[in-house]
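Novice: Sharing a structure, written as structure tokens. Questions coming.
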């Protein structure tokens with residue numbers, strides 16, 4: 001017997017939860033994330049996830065781009081060896097620690113200070129309990145929902161925070177915007193993510209913006225042959241010179257998606273099929289035989305994109321986490337705890 005229209009969303013959510021629960025159990029064994037579980041803070045800080053959601057919503061209403069920042073921050077944190085909030089550590093001359101934020105690959109990242117706002121709210125409720133790594137994972141989940149993405153992602157928690165920066169490893173782990181599809185697939189494969197997941201996760205490029213310094217090689221001296229001519233002309237208007245400098249005080253940029261720039265949807269994939277990919281690595285997904293079928297399918301089905309994105313986000317968030325007695329729970333996400 002068919003479901004009534006009013007019950008379809010409920011049934012879909014339950015099915016998604018059941019699928020994720022089974023998938024999480026298998027992924028835990030494969031990723032070494034066995035110390036993570038749903039509702040990790042149910043006893044030690046019962047309102048933890050609710051507080052994160054409240055703060056993410058408040059910050060989104062005040063600074064909409066924070067929701068985009070969480071997505072990029074989680075990707076950078078998890079891709080460099082482990083989802084351990086090492087990205088959030090600030091440079092400390094006294095200890096010789098150099099922040100991962102200082103790497104050229106981190107150019108343009110911002111809103112780290114708002115992680116501190118979430119942390120402060122949690123510290124008032126449950127001092128020394130909720131890790132910065134979990135805050136970043138939960139904020140990304142809730143931020144994606146605020147942007148119109150998947151609304152019921154079962155994110156497991158129990159991560160611990162790193163006590164050292166991986167500054168020296170960032171260049172090796174974070175893909176370059178001009179990388180080949182093979183290089184990108186290899187990097188994600190190291191986290192247990194296949195081509196389908198890569199095409200979904202790069203769909204996060206449907207929100208936010210790209211700095212002209214990362215675009216001009218496709219625009220000058222001539223517009224890349226793989227780019228739609230009219231789109232190339234528009235981008236030249238946004239980035240009028242090949243001499244685009246990485247100056248965050250007055251940086252030139254172009255929106256990833258002109259149609260729905262602050263909605264996490266499949267417009268990214270639709271744009272790729274029209275030759276409107278901003279970054280070279282984005283556009284290459286539409287022509288590589290390993291990824292092109294997924295680009296076409298996600299462009300045609302936003303629901304499929306959302307489901308695949310949600311599963312891939314969870315898998316990425318569980319890349320080599322510190323758990324149990326590893327690491328620490330930082331009191332201030334910017335600094336290692338004083339001994």
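Note: Cβ is positioned from N, Cα and C throughout, glycine not excepted.
Annotations per TrEMBL:
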BINDING   77, 80, 84, 86  Ca(2+) 1 binding site
BINDING   257, 260, 265  Ca(2+) 2 binding site
DOMAIN    35-337  domain 'Plant heme peroxidase family profile'
SIGNAL    1-28  signal peptide
Novice: Tell me, how many other CB atoms lie within 10 A of the CB of residue 77 (Ca(2+) 1 binding site), whichever protein chain they belong to?
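Specialist: That number is 27.
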Novice: Far apart in sequence but close in space: which same-chain residues, 6 or more away, have a Cβ under 8 Å from residue 257 (Ca(2+) 2 binding site)?
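Specialist: Once residues fewer than 6 apart are set aside, residue 257 (Ca(2+) 2 binding site) is near 205, 206, 207, 263, 267, 268, 271.
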Novice: For the recorded Ca(2+) 2 site formed by 257, 260, 265, name the remaining residues of the chain with Cβ within 8 Å of the site's Cβ center, in chain order.
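Specialist: After dropping the recorded site residues, what remains is 206, 207, 259, 261, 262, 263, 264, 266, 267, 268.
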Novice: Among the binding-site residues listed here, 84, 265, whose Cβ has the fewest other Cβ atoms inside 10 Å?
Specialist: 265
Novice: Can you name the residues of this chain that are 6 or more positions from residue 86 (Ca(2+) 1 binding site) yet have a C-beta less than 8 Å from its C-beta?
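Specialist: Those within reach of residue 86 (Ca(2+) 1 binding site), by Cβ under 8 Å and sequence separation of 6 or more, are 77, 80, 100, 162, 164, 165, 166.
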Novice: Quick one: of 80, 260, which of the binding-site residues has the smallest count of other CB atoms within 10 A?
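Specialist: Comparing Cβ neighbours within 10 Å for the binding-site residues 80, 260, 260 has the fewest.
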Novice: Neighbourhood of the Ca(2+) 1 site (77, 80, 84, 86): other residues with Cβ within 8 Å of the Cβ centroid, in order?
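Specialist: For the Ca(2+) 1 site, the extra neighbours are 76, 78, 81, 82, 83, 85, 87, 100, 133, 162, 166.
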Novice: Find the average pLDDT over the domain 'Plant heme peroxidase family profile' (35-337) in the predicted model and report it.
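Specialist: In the predicted model, the domain 'Plant heme peroxidase family profile' (35-337) has a mean pLDDT of 93.
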Novice: Express the distance between the Cα positions of residue 84 (Ca(2+) 1 binding site) and residue 265 (Ca(2+) 2 binding site) as a whole number of Å.
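Specialist: About 28 Å separate the Cα atoms of these two residues.
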